[in-house]
Amino acid sequence: MSERTLVLVKPDGVSRGLVGEVISRIERKGLRLAALELRTVDEATAKQHYAEHDGKSFFNDLVEFITGGPLVAIVVEGTRAISAFRQLAGGTDPVEKATPGTIRGDFGLEVQFNLVHGSDSVESAEREIKIWFPAL
Ligand code: DAT
Ligand code: MG
């Protein structure tokens, strides 16, 4: 079943020059790009995107980090796109949970700087795509 998912190459991924690497892995997996934009996000949008984490110890640092520089927002589509991209990304902690061969496992070292975001469910994907690409 074809799905859409919201992917972010976060500011650390952009500043480290990993945008092409991430897009290449998405395309080689067989997923398609439906929308893509380089953008610097404001605090309100960042808080909306990460609303589920509001109140957690890392929330303020997360918002500061994600607003701290340009990121690349992408809508990715294809069969089981949500799970497929989460698999490409690897676990949240690039060392504890991610495995080599994943984006985070290959390029990440710290949980705060784990390079990419991918929606975690159909509901999250719909909610997040509305935030980032309301016209889609
Ligand atoms: P994911 O990005 O794998 O969906 P998440 O939704 O649980 O993970 O958390 C969102 C982001 O918040 C995550 O990519 C990095 C940051 N984060 C999560 N847990 C953290 C922690 N314990 N300390 C610092 N940052 C954390
Ligand atoms: Mg998440």
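In case you wondered, yes, glycine gets a Cβ from its N, Cα and C as well.
Features as listed in TrEMBL:
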- His117: active site, pros-phosphohistidine intermediate (ACT_SITE)
- Lys10, Phe58, Arg86, Thr92, Arg104, Asn114: ATP binding site (BINDING)
- 2-136: domain 'Nucleoside diphosphate kinase-like' (DOMAIN)
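TrEMBL feature annotations superimposed on the structure.
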residue	record	CB count, 10 Å
Lys10	ATP binding site	22
Phe58	ATP binding site	12
Arg86	ATP binding site	19
Thr92	ATP binding site	12
Arg104	ATP binding site	23
Asn114	ATP binding site	23
His117	active site, pros-phosphohistidine intermediate	22
Looking only at the domain 'Nucleoside diphosphate kinase-like' (2-136), what is the mean pLDDT?
97
Helix, strand, coil residue numbers for the domain 'Nucleoside diphosphate kinase-like' (2-136) per DSSP?
59 helix, 30 strand, 46 coil
Rounding to the nearest whole angstrom, report the longest C-alpha distance spanning Lys10, Phe58, Arg86, Thr92, Arg104, Asn114, listed for ATP.
21
